[in-house]
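Data block below; observations after.
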């Protein structure tokens, strides 16, 4: 199951590392720092930062990446934009006046 936080994922830096899905992002950061030479050879997928692939395979990965469909769906549905009622109403909040003078 792809949503199971306990499933094991293979580390792209050290193939012997099997990491639980819930810990995978943290492991990537640490393992990248520990393996800078391998990190230089890998590229990050623009659709999912957990996808690290060899630089030469990135364009092929982008064409086939399952997360691309999710990104396109968000763009088409406009879910990144605020609801229209918020846009029409606008915000009446104003910042309070600043009494500080850092020069004095």
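From the backbone N, Cα and C atoms, a Cβ is placed for every residue, glycine too.
Automatic, uncurated: that is what TrEMBL annotation is.
Cβ atoms under 8 Å from those of the domain 'CHHC U11-48K-type' (8-35) belong to residues 42, 49-50, 52-53 of the same chain, restricted to positions at least 6 beyond its ends. Positions annotated as domain 'CHHC U11-48K-type' by TrEMBL: 8-35 (among others).
Summarising the annotation, TrEMBL assigns domain 'CHHC U11-48K-type' to 42-69 (among others). Through the fold, the domain 'CHHC U11-48K-type' (42-69) approaches residues 12-13, 24-25, 28 of its own chain, all at least 6 residues removed from its boundaries and within a Cβ separation under 8 Å.
Per TrEMBL, region 'Disordered' is recorded for 76-104.
For the domain 'CHHC U11-48K-type' (42-69), the DSSP-based tally of helix, strand and coil residues reads 14 helix, 6 strand, 8 coil. Confidence across the domain 'CHHC U11-48K-type' (8-35), taken as the mean pLDDT and rounded to a whole number, stands at 95.
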